[in-house]
Amino acid sequence: MAAGMYLEHYLDSIENLPFELQRNFQLMRDLDQRTEDLKSEIDKLATEYISNARTLSSEEKLGLLKQIQEAYGKCKEFGDDKVQLAMQTYEMVDKHIRRLDTDLARFEADLKEKQIESSDYDSSSSKGKKKGRAQKEKKAARARSKGKNSDEEAPKTAQKKLKLVRTSTEYGMPSVTFGNVHPSDVLDMPVDPNEPTYCLCHQVSYGEMIGCDNPDCSIEWFHFACVGLTTKPRGKWFCPRCSQERKKK
């Protein structure tokens with residue numbers, strides 16, 4: 001329930017409270033006034049009794065004493081009624097205070113529940129944003145690893161369509177250069193799990209790479225650093241595995 005609803009319901013419940021309090025206070029004032037009137041009457045009766053004690057007969061004395069006793073009895077009744085009204089007024093106010101405390105407790109519980117829901121939503125939203133940023137970083141890393149020049153293309157071993165770089169004179173093409181990227185830099189980059197790997201190190205394409213001139217080479221592309229090259233060799237070049245196979249033949 002919204003705070004406005006709690007406040008509205010509480011204000012509705014105490015709408016008649018001022019009138020009820022005013023009525024009880026007015027009744028207590030009336031009782032006070034009636035008690036004061038009786039006290040004045042008692043004083044007069046007592047004065048009459050004392051002043052005329054010697055001249056009054058026994059019956060007259062008993063009559064005055066009876067009137068004084070009845071007046072005191074009335075005062076006691078008025079006092080009891082006043083106490084009852086005071087207790088009723090206290091309970092009336094206390095009831096509204098307890099209801100206010102209950103409504104406040106419910107309102108605080110609702111606030112905590114909404115804060116928890118808001119925290120869960122912010123957490124899931126933050127995770128979604130982090131996931132989106134991670135995906136963007138992966139795409140950016142792949143774009144960086146493929147080089148700055150649009151005409152430079154990474155090798156694709158799946159269909160062997162991009163055997164663009166061979167060191168042999170038969171193809172006469174220079175090796176593809178992907179920029180000055182070191183293996184440690186690539187290892188720190190986010191990697192797409194679907195991106196193919198190459199070389200003896202089974203890493204993605206980066207830096208300068210060279211293709212094996214054996215058309216049946218299972219790996220096909222190698223990083224310069226992994227095969228001990230610093231520059232492109234002249235003539236045909238075979239990877240270490242293919243070189244060993246050729247020596248066996």
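Easy rule for this one: first residue shown is 1, then count along the chain.
Glycine is treated like the rest: Cβ placed from N, Cα and C.
Pulled from Swiss-Prot, these are the features on record:
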{"type": "COILED", "residues": "25-118", "note": "coiled coil"}
{"type": "REGION", "residues": "115-160", "note": "region 'Disordered'"}
{"type": "ZN_FING", "residues": "196-245", "note": "zinc finger"}
{"type": "SITE", "residues": "Y198", "note": "site 'Histone H3K4me3 binding'"}
{"type": "BINDING", "residues": "C199, C201, H223, C226", "note": "Zn(2+) 1 binding site"}
{"type": "SITE", "residues": "M209", "note": "site 'Histone H3K4me3 binding'"}
{"type": "BINDING", "residues": "C212, C217, C239, C242", "note": "Zn(2+) 2 binding site"}
{"type": "SITE", "residues": "D213", "note": "site 'Histone H3K4me3 binding'"}
{"type": "SITE", "residues": "W221", "note": "site 'Histone H3K4me3 binding'"}
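In the predicted structure, the zinc finger (196-245) carries a mean pLDDT of 89. A separation of roughly 9 Å, to the nearest angstrom, links the Cα atoms of C242 (Zn(2+) 2 binding site) and D213 (site 'Histone H3K4me3 binding'). The Cβ centroid of C212, C217, C239, C242 marks the Zn(2+) 2 site; residues of that chain outside this set whose Cβ lies within 8 Å of it are D213, N214, S218, I219, E220, F222, F238, P240, R241, S243, given in sequence order.
Least packed by the Cβ count within 10 Å, out of the binding-site residues C212, C226, C239, is C226. For the pair H223 (Zn(2+) 1 binding site) and M209 (site 'Histone H3K4me3 binding'), the Cα-Cα distance reads 4 Å. Cβ neighbour count for D213 (site 'Histone H3K4me3 binding') (all protein chains, 10 Å cutoff from its Cβ): 18.
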